[in-house]
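**Q** My structure is below; once you've seen it, I'll send some questions.
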Amino acid sequence: LSWSALALTSAYPTGAPTSACFDMIPGHFASPQSEPAPYIITTPVSAVKAGDSIEVTISGKTAKDTMRGILLEARQGDKIVGTWTVKPNDNFSQLLNCGEPGNAVTHKHHANSEDKQTVSYLWTASGHLEGDVVFKVTIVKDYHTFWVAVPSAPVKILSHH
């Protein structure tokens, strides 16, 4: 019993567990914030062709709105779609397998680095994908302060034919 209690109370300093993939809720035993998130998710365009890539940026609205942890996914309805690219020198982020390799991004252990105010990743739409996609991110500011599945504006995926 004490081992399971210890395991359940861990703060996932090495990234979100795959058990968080669907509901995007961190296992912090605290309630998510009820006020709107002080973060925005932006893309340079509102439409992209299937098979193409788009940069997705998550930013705090002020310098105090930093991120200690994230879980980022692209969703079409409830389905996680597409794949992500994390820069090789990124000391904050890593890919997560939420049913498919590289279809989510999470934080990694970063004890010696600072929390981030802005992060960007490249997302690639699958070649067969069509319709609207929404980027959703769970953002952890600290153990007790987090927002779950903050949505972006929809991005339209156009047929590559």
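Cβ coordinates are placed from backbone N, Cα and C, and glycine is handled just like the others.
Annotated disulfide bond per Swiss-Prot: C21-C98, in sequence order, evidence recorded as sequence analysis. The annotation domain 'Reelin' is assigned in Swiss-Prot to 12-161. Residues or ranges marked as N-linked glycosylation site in Swiss-Prot (evidence: sequence analysis): N91. The signal peptide annotation in Swiss-Prot covers 1-11 and is backed by sequence analysis.
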**Q** Can you break down the domain 'Reelin' (12-161) into helix, strand and coil residue counts using DSSP?
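**A** For that range the per-state counts are 3 helix, 68 strand, 79 coil.
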**Q** Restricting to the chain of C98 (disulfide bond) and a gap of 6 or more, list residues whose Cβ falls under 8 Å of its Cβ, or answer none.
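**A** Same-chain residues close to C98 (disulfide bond) (Cβ under 8 Å, separated by 6 or more) are T18, C21, F22, E73, I80, A104.
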**Q** Quick one: of C21, N91, which of the recorded positions has the smallest count of other CB atoms within 10 A?
**A** N91
**Q** What mean pLDDT score does the domain 'Reelin' (12-161) have in the model?
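**A** Averaging the confidence scores along the domain 'Reelin' (12-161) gives 91.
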